[in-house]
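Let me begin by presenting the structure, written as structure tokens, before commenting on it.
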Amino acid sequence: MIITTIILIQIISATILYIYFNPIFIAIDVVVTGIVLFKDKKKLIISLLVLFLTIIHLNTIDAKYNSIKDNEFLDVNAVVINKNRSNKKYVVKLTNNNNIKFLVTTKKDLEIGDKVNIRSKVNKAYTNGNTYMFNYKNYLLKNNIYGDIYCRTNPEIIGKSKSLLLKIRKLVLNHIVFKLDSNFNGEESSVLKSVFTGSNFLSDDYTNAVNALGISHVFAISGLHIIILYTIFNKLFGIFKINRKLISWISLILIAIYGYAVGLPSSIVRAFIMLVIVELSNQMQIDWFDLNNLTIAAIIILLINPYNLLDVGFIFSFLATFTIIYLYPRFKKHNKKLYNYFLLSVMVYLILLPIQLRFFNEYTLGFIIGNTIILPIFTVVIQLTAIVLLIPNSINYIFVQLIKLCLRTISYIFTTIDFLGIHSTNFMSFSILMIIFYYIIIFTTYNRHYIKTLNDFNKKTLTNMLLLSLIIPLILNIINPITTINFVDIGQGDCLLVRQYFKSFMIDTGGSYKSEDKSGENLMEYLHKIGLNNLEYVFLTHFDEDHSKNLININKSYNPIVLSRINGDKILKKKYNQGNVYVSLRNKQNIRIGNVDIKIIDKPISNEENDKSIVYKLYINNISLLITGDISGEYERNILKDDIKSDILKVSHHGSKSSSDSHFLKKVRPKLAVISVGLRNEYGHPHHQTLDRLNKLNIPIKRTDLDGNIEVVSSKFFNSIRANRDKYSIIHFLVEEQNSIITTVVILLYFKNRGVKNGFFIGETKIR
């Protein structure tokens, strides 16, 4: 158990450090491992070997990823290896030596096993542009997929693959879809196909109802389904009085075939590995601890692909199973099945809650109804549907009718829940530190009977440490307030968010001329994820859609005061039908919001909307920023005599060639130029001439299309600049978490100076 735990911890730490941190942190990991395991050479060697193998594996994945050139035209042959039937997306594997996979979207109907010729551009997978948003790159890489291909010209089918595995996958999935479509109506079939094929066929209304009850895991392939299938297979084959061991292995082989057919999601692989270990231990008469089985399953999955660690399905599956086999037994009571079932549902939900909030920003009290009423009903549905899939249609009538009755009952419950107004509630994304603090509370509660045995002195010490951890951050936020300036990745537009402890404001909101653009929805999702409760002010440089249109979305949640040029309120009313409280700005006006000073430079040179832009100069602690809207080179020359020297320049007009004049750049002398621009935009921004002018003056450049949102963290003592796609350096970590680090140091010093009497006992570990 100790060895497997060490291996798992090292795989996890190596993966996180490689993906998110600079290599120096890996060196620190090696040093720490050496210090901790110095006295046990065997464990030290195993730990370091696992570390280096994980790094090599991740580096191999990176090498494949880096071999893909974004927006490169491909003329390649590939084979379709998987199909998402709900949205006509196909996973294809190139037939060259690299075996690289892409996700292909096309109007042409393809089948698994089709050999195709694809002539189209590839979109390289990038990580999320803004913090906490869905990480598309990690999602694809955990499936060994390296990019998207959107086919304007339909792929040409040039043959069929002879792969037996692909034929099996196609046969199994076609069988499932045919059986369900032939026995159930539209919504019923969609629900069951979602559960048994791994593709999402659920309607938006049904999905919302499921989320309102916190049972989305039930309507996706999970370990529960595998256990049910395994049990049914065993009972069916048991009718023929075959040797029990043989029955178990036949059942496991069928589970493996089904798992491969639906794409081997982490939850299925985890359940399958644990079943195999249990079967081996039974046949070899070895007493394996369930937690050890879980650890081994995690190790195998992560060795196959370390990016599985970042898959929410992997995290949910293992945390839920850990709760069931390790935490729940201590609290359950004998002969109280209803109580125990309710207790288990609550415990699993509470353990998964911080991860739920981290990824999905929703919680619901409806989980009690979902897990105590709907889960048992749907478990019956899964059992009966599995039987329907295995027997001929001529003898499945009773089973089909029972399934329909159960599904109608669930739909009735959904309708009642909606009528009662029980919905999921939005909440901010939990940070890593918040998740750690949450699980410390869970750990303390779990070990409460040990804490009760502590003497009064040690109880008081623990209480004071807890109080310090709550009070010190509040004090530090007053004496050392941290201001975060965020150039939001808003696509082809501008949006700057300034957050302080007490007040927040925005300069430009982003938006688009296109009606189908979702930048407004994406912006609001991001603001909710970071927990922005109040947005007091919105400054606008000018009123083009890509700088101001998202005010419509913002007003639905915040209704801020808007500040911009004279008569701008009339433009807002006419253009967007928005009637915010409005403040007209004038040239050389100074405004102070919290610890941020804002200087207004308003010198329009023409009636062109871009050249009516207001320029804002921000002073925050010991750092300055110049926000230039969409001003032209002529406007830039018109303000050369103003105080425009700044540490950070927001490059005008998304880096178009008509802006960022050399004389202007020399006068500003920025230490960093930020270009807010959309990925693969149709305008060709930023223009190569603008980039050349910046490079000739040795001005570092960060772009929201390539680097994601650019965040400046500023306090009285330190400043840090990091793009979302940058890896953390030690400096970034120290500056961004300075108040948390100070809090930790103070608590540790208090603990050291106060000392303990007779030691602390937590579990079986004595702390002195």
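Using N, Cα and C of the backbone, Cβ positions are placed for all residues, glycine too.
So that you can see what the record holds, here are the features copied from TrEMBL:
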DOMAIN    492-679  domain 'Metallo-beta-lactamase'
TRANSMEM  6-32  transmembrane segment
TRANSMEM  44-61  transmembrane segment
TRANSMEM  212-234  transmembrane segment
TRANSMEM  246-276  transmembrane segment
TRANSMEM  296-326  transmembrane segment
TRANSMEM  338-357  transmembrane segment
TRANSMEM  363-390  transmembrane segment
TRANSMEM  402-421  transmembrane segment
TRANSMEM  427-446  transmembrane segment
TRANSMEM  466-488  transmembrane segment
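Ranked by the number of CB pairs under 8 Å to the transmembrane segment (296-326), the listed stretches 44-61, 338-357, 466-488 are led by 338-357.
As a whole-number mean, the pLDDT of the domain 'Metallo-beta-lactamase' (492-679) in this prediction is 94.
Tertiary proximity for the transmembrane segment (402-421) is limited to same-chain residues at least six positions away from its ends with a CB under 8 Å from its CB atoms, namely 184, 187-188, 191-192, 206, 209, 212-213, 366, 369, 373-374, 377-378, 380-381, 384-385, 388. Sequence-distant residue pairs (6 or more apart) of the transmembrane segment (212-234) and the transmembrane segment (44-61) include fewer than 3 whose Cβ atoms are under 8 Å, leaving the two stretches without contact. For the transmembrane segment (427-446), the most Cβ-contacting stretch among 246-276, 338-357, 363-390 is 338-357 (pairs under 8 Å). Outside the transmembrane segment (363-390) by six or more residues, the chain places 175-176, 179-180, 183, 192, 195-196, 211-215, 218-219, 224-225, 228-229, 232, 236, 341-342, 345-346, 348-349, 353, 356-357, 396, 399-400, 402-403, 406-407, 409-410, 413, 417, 422-425, 427 with a CB less than 8 A from a CB of the stretch.
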